[in-house]
């Protein structure tokens, strides 16, 4: 055995991985801090999956409680709580030197619901007619953050360390607490309702959200694996692909939905976006290369972004103006529930059935959802 081969074998041993200094990315990549930090601490993919599941379960539990807090205390207090929880989570993440500390750093995320807080504020300050468009613009702003944030994190990791990236997020979250206190009104609800309101249609909308969300949740949980194993993408190419999807989502949310809601009813948008998803998922099952993937992702993103925003807008009208936060919390809880199950389900499907199963799963479930919608909203 040559010296080179012995060195290669040594590099693969767990002991050496723990003793060696962390690898730094050769280029600035669009990834989060957590994967790099878990790699540095020698956390295997299975334990990383448990960590991600813990995050999803914690957020699942916190969403409705956070919504109720926002309804009682106001949008400003809810947003400040979300960013304070984020700052505490990032601080603990930066201090993490063991898997136990990584696990503990996920716990403050129980109230880390800045997107939900933003939806609550937009819902309170917009009319029912303009609400879907306003929620779309909110999604656009968060999309910008999702593109810029990982890029900055990549720079910090490259030139400093994983912990430095976590501390940068900690400081950014604290700054966001201050900005919220300065610029968001303490009370954002403008309508006071004295009578108790019911929620007609809420269960149906949440069911549609769950059924339509399962296929994309399962696919997203395995996308990095699919990119590496099926399409043989390098890490930076995977990052470019995710950026493409992010930018496309921003365009649809910020511009597309606003245009659509002016020309069509929300019921029509919901029906036809679901119909579009049926055939997008079927096309996904036959994708053979990354170029075809980019083509298929375009109608897939259009359908998903449109339906998600319309459902969020419709849900806020099923309850009293005093209870919109709780309803948005339930809406977020559906997403968290899907995220908690998706990695396990996605891993099983990919292992035993291969990549096309994600397209067939989406085709089957969205066909059922589309039939439900056309029956429910028939003229």
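Heads up, the Cβ atoms here are built off N, Cα and C, so glycines get one too.
The feature domain 'Major facilitator superfamily (MFS) profile' is assigned by TrEMBL to 1-379.
If you look up TrEMBL, you'll see 1-25 marked as region 'Disordered'.
Per TrEMBL, transmembrane segment is recorded for 47-66 (among others).
TrEMBL lists 78-104 (among others) with the feature transmembrane segment.
For 134-157 (among others), the entry in TrEMBL reads transmembrane segment.
The transmembrane segment annotation in TrEMBL covers 164-184 (among others).
Sequence-remote contacts of a segment are chain residues at least 6 beyond its ends whose Cβ falls under 8 Å from one of its Cβ atoms, and for the transmembrane segment (204-227) they are 233, 237-238, 241, 270, 274, 277, 281, 284, 300, 304, 307-308, 311, 314-315, 318, 330-331, 334-335, 337-339, 341-343, 345-347, 349-350, 355, 358, 361-362, 365-366, 368-369, 372-373, 376. According to TrEMBL, the feature transmembrane segment maps to 204-227 (among others).
Sequence annotations record features per position, and here TrEMBL assigns transmembrane segment to 239-257 (among others). Tertiary neighbourhood of the transmembrane segment (239-257): same-chain residues 29-31, 132-133, 135-137, 139-140, 143-144, 146-147, 150, 227, 233, 269, 290, 293-294, 297-298, 301-302, 305-306, 309-310, selected by CB-CB distance under 8 Å and a gap of 6+ residues from either end.
Taken from TrEMBL, the feature transmembrane segment applies to 269-287 (among others). Sequence-remote contacts of a segment are chain residues at least 6 beyond its ends whose Cβ falls under 8 Å from one of its Cβ atoms, and for the transmembrane segment (269-287) they are 208, 212, 215, 219, 257, 260-261, 293, 296, 299-300, 302-304, 306-307, 310-311, 314, 355-363, 366-367, 369-370, 373-374, 377.
Counting only same-chain residues 6+ beyond the ends of the transmembrane segment (294-315), those with a CB under 8 A from a CB of the stretch are 119, 131-132, 135-136, 139, 201-202, 205-206, 208-209, 212, 216, 241, 244-245, 248-249, 252-253, 256-257, 260-261, 266, 269-270, 273-274, 276-277, 279-281, 283-284, 287, 327-328, 330-331. The feature transmembrane segment is assigned by TrEMBL to 294-315 (among others).
The transmembrane segment annotation in TrEMBL covers 349-375 (among others).
Listed by sequence, the residues of this chain that lie at least six past the ends of the transmembrane segment (349-375) yet keep a Cβ under 8 A from its Cβ atoms are 208, 211-212, 214-216, 218-219, 222, 225-226, 230, 270-271, 274-275, 277-287. Across the residues of the domain 'Major facilitator superfamily (MFS) profile' (1-379), the predicted structure has a mean pLDDT of 81.
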